[in-house]
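Working notes, structure below.
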Amino acid sequence: MNWNDESDRVVAATADGDDHAVEAALRPKDLGEFVGQERVREQLDLVLRAARARGATADHVLLSGAPGLGKTTLSMIIATEMGAPIRITSGPAIQHAGDLAAILSSLTEGEVLFLDEIHRMSRPAEEMLYMAMEDFRVDVVVGKGPGATAIPLELPPFTLVGATTRAGLLPPPLRDRFGFTGHMEFYAPAELQRVIHRSAGLLDVVIEEEGAAEIAGRSRGTPRIANRLLRRVRDYAQVKADGVITREIAAHALQVYEVDGRGLDRLDRAVLTALLKLFGGGPVGLSTLAVAVGEERETVEEVAEPFLVREGLLARTPRGRIATPAAWEHLGMQPPQQVTRGAGTGAGQGDLFGE
Ligand SMILES: Nc1ncnc2c1ncn2[C@@H]1O[C@H](COP(=O)(O)OP(=O)(O)OP(=O)(O)O)[C@@H](O)[C@H]1O
Ligand SMILES: [Mg+2]
């Protein structure tokens with residue numbers, strides 16, 4: 001399996017073709033159906049209500065957060081809540097300022113323009129967007145070279161909803177032009193349990209509360225993963241049982257798909273196991289660790305590590321990767337510290353589990 005293609009993993013946070021097909025059906029349609037993200041939801045609700053009460057177009061909204069947390073879903077909800085049509089495009093789709101001008105000039109009053117991956121827009125398009133967001137105006141350049149002239153074009157008021165997984169990459173002038181920024185957090189297991197329950201209902205799957213909890217705990221705080229695991233567990237339940245998802249069925253199914261109790265998959269576990277078994281918990285350099293698991297450096301660093309770090313199982317230090325006590329516990333192993341207790345701990349051992 002080529003792990004570099006993240007979408008091969010059942011625990012990938014990014015969408016694969018299969019996801020695209022079902023996600024539309026599982027998307028909450030309004031704020032009331034949108035699970036979790038209490039703070040963003042409450043703030044957004046106020047922004048939209050106030051705009052509606054004024055009979056005005058809502059402020060521009062920036063949604064940032066990791067893949068699969070509901071940015072696209074929320075942008076569609078914004079349009080629904082405003083009773084406005086939505087136009088969907090993305091940063092990479094806008095190569096030239098002219099592409100953006102064409103979209104902007106065809107917007108209708110109050111329309112929501114959803115710009116996904118807004119951090120990947122070209123610089124000239126970005127500059128055009130500044131003016132469009134602030135003054136609802138663009139300068140369309142006609143002609144080339146010294147004879148080129150800029151023709152100002154008035155735009156109807158619209159709401160830009162930008163989505164990004166990398167808010168830090170947005171230039172401050174762009175970030176500042178959003179009236180509201182919602183930062184999406186990872187979901188708590190109880191929230192994912194509600195997501196799973198809701199999706200099961202829509203997919204006509206019978207699931208027990210404990211079955212939903214079992215899947216939720218392995219979904220890495222991400223609704224997209226929760227929905228995908230639910231579909232895999234449903235398959236298993238249909239083939240191996242009577243179709244009802246109980247805690248036992250969910251646990252068995254996810255064992256088959258090699259997703260463990262904490263949501264780690266085979267790659268994650270391979271990295272962690274190598275770190276513990278071969279390097280005594282580290283510190284070990286990234287390249288050495290990658291060779292030990294037979295993977296590319298980038299795969300270990302970009303595909304496996306972020307979740308391990310987030311889970312508090314692995315830490316990146318200047319001296320290399322180290323396992324935390326939670327990692328030893330998760331794999332049911334004893335850290336060498338305890339084995340050699342009293343025999344004097346080696347130099348640097350103190351740093352190992354410090355911080
Ligand atoms: N709060 C939520 N409640 C219920 N379902 C949700 C929620 N958030 C996301 N989902 C589900 O998760 C799926 C992925 O969400 P969405 O496509 O909005 O994520 P995203 O943040 O746009 O991801 P990406 O960064 O990959 O574009 C959706 O199909 C939706 O069904
Ligand atoms: Mg999206």
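The backbone N, Cα and C atoms fix where each Cβ goes, and this holds for glycine too.
Not measured: the values here are computed from a predicted model.
Feature annotations, courtesy of TrEMBL:
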BINDING   Leu26, Arg27, Gly68, Lys71, Thr72, Thr73, Glu134, Asp135, Phe136, Arg177, Tyr187, Arg224  ATP binding site
BINDING   Thr72  Mg(2+) binding site
BINDING   Arg297, Arg316, Arg321  DNA binding site
DOMAIN    57-190  domain 'AAA+ ATPase'
REGION    188-258  region 'Small ATPAse domain (RuvB-S)'
REGION    261-355  region 'Head domain (RuvB-H)'
REGION    332-355  region 'Disordered'
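Recorded features from TrEMBL, shown on the structure.
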| residue | record | contacts (Cβ under 8 Å, 6+ apart) |
| --- | --- | --- |
| Leu26 | ATP binding site | Arg198, Ser199, Leu202, Leu203, Asn227 |
| Gly68 | ATP binding site | Ala13, Thr14, Ala15, Thr222, Pro223, Arg224, Ile225 |
| Thr72 | ATP binding site | Arg27, Phe114, Asp116, Ala163 |
| Glu134 | ATP binding site | Arg177 |
| Phe136 | ATP binding site | Glu154, Leu155, Pro156, Pro157, Phe158 |
| Tyr187 | ATP binding site | Val35, Gly36, Gln37, Leu69, Val195, Gly221, Thr222, Pro223, Ala226 |
| Arg297 | DNA binding site | Leu286, Ser287, Ala290 |
| Arg316 | DNA binding site | Glu305, Val309 |
| Arg321 | DNA binding site | Leu275, Gly282, Pro283, Val284, Gly285, Leu286, Leu289, Glu305, Leu314, Ala315 |
DSSP secondary structure for Gly68 (ATP binding site), reduced to helix/strand/coil, please.
coil
Cα-Cα distance maximum in Å, computed over every pair in Leu26, Arg27, Gly68, Lys71, Thr72, Thr73, Glu134, Asp135, Phe136, Arg177, Tyr187, Arg224 that the record assigns to ATP:
37
Measure from each Cβ of the binding-site residues Leu26, Gly68, Thr72, Glu134, Phe136 to the atoms of ligand 2 and list the residues where some distance is under 6 Å.
Thr72
Tally of helix, strand and coil residues over the region 'Small ATPAse domain (RuvB-S)' (188-258) according to DSSP?
51 helix, 2 strand, 18 coil
Running a distance check here. Ligand 1 versus the binding-site residues Thr72, Glu134, Phe136, Tyr187, Arg297, Arg316: which have CB less than 6 Å from one of its atoms?
Thr72
Per DSSP, how many helix, strand and coil residues does the region 'Head domain (RuvB-H)' (261-355) have?
49 helix, 9 strand, 37 coil
Using the Cβ center of Arg297, Arg316, Arg321 as the DNA site position, which other residues in that chain lie within 8 Å, going by their Cβ?
Gly285, Leu286, Leu289, Ala290, Val300, Glu301, Glu305, Gly320
Determine, from DSSP, whether Phe136 (ATP binding site) sits in helix, strand or coil.
coil
Taking every pair from Arg297, Arg316, Arg321, which the record gives as binding DNA, the longest CA to CA distance in angstrom is 14
Assigned element (helix, strand, coil) containing Tyr187 (ATP binding site), judged by DSSP:
coil
